[in-house]
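Working notes for the structure below.
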Amino acid sequence: MDCIFCQIVQGCRPAAKILENENVLAFLDIAPVAFGHALVVPKKHYARLEDIPIDELSAVISVVQKIGPAVQAAAAAAGYNVSLNNGPAAGQVVPHLHFHLIPRRTGDGLQLWPQNRYDEGGLEKMAQAIIAALG
Amino acid sequence: MDCIFCKIVLGDLPSYKVYEDSRVVAFLDVLPISPGHTIVVPKDHAPDIESVSEEDFAALALAVKKIGRAITEGLGVKGYSVLLDNKSAANQHVPHLHFHVVPREEGDGLGRWPQGCYNEGEAEVILKKITKNL
């Protein structure tokens, strides 16, 4: 078993576990962006959002909602980001689906990604492309 | 009603809507991080994760999954990032809870936040504080 998150779920690799239930495990990221940075994973191995069944995704997001306020309070933060990188092109390093919860403080220096603009007509074309793909 | 996302949900403000179900609406961000950047919101106003209902939060995640697949297949991108900013300290600009789905490509220049490490004992301290608050 090469997946480090599966190893954590199985108890073969240590982790600071925050919450565990039948389908989900939450634990501290050992390389935190900010202290209290937590990870929430399905216990079963799914690489990407495309792979996880909807009932298990619901279970994962329920734990995100449950631990978010606790992570914020513990980190004495004023907010937090929830993020998931889907696929290596999106910066997903561990190929086991996971949500990050990152505590945030005003002025902590964490930079936003820059915003851009569409060319004329671009928004309409883009909306049509996504709607068509939704089927 | 001052909330711009509520106005979009009600159709009082125009938007490029790509998805709608009984609980969720999704529309293009007009100032996209990357082409196809989509905002996913609950129809019922909730400013943050603490106020949104469990059912709406689950519905949002399921919508994100559908929209992410459509973005990948429809736009031919290899991946996407899902982001939610909870409270203004986390850069939440519109106080109506929303997920961003941002199409991603290798080498797109969208960087990761720097990661640090815990010194001995620090992880245990924060873990205790988190579990105490659960």
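Any Cβ shown, glycine's included, is placed from N, Cα and C.
Of the listed segments B:96-100, B:101-105, B:116-120, TrEMBL assigns motif 'Histidine triad motif' to B:96-100. Within 10 Å of the Cβ of B:HIS98 (active site, tele-AMP-histidine intermediate) there are 23 other Cβ atoms, across all protein chains. Mapped onto DSSP classes, the motif 'Histidine triad motif' (B:96-100) shows 0 helix, 2 strand, 3 coil.
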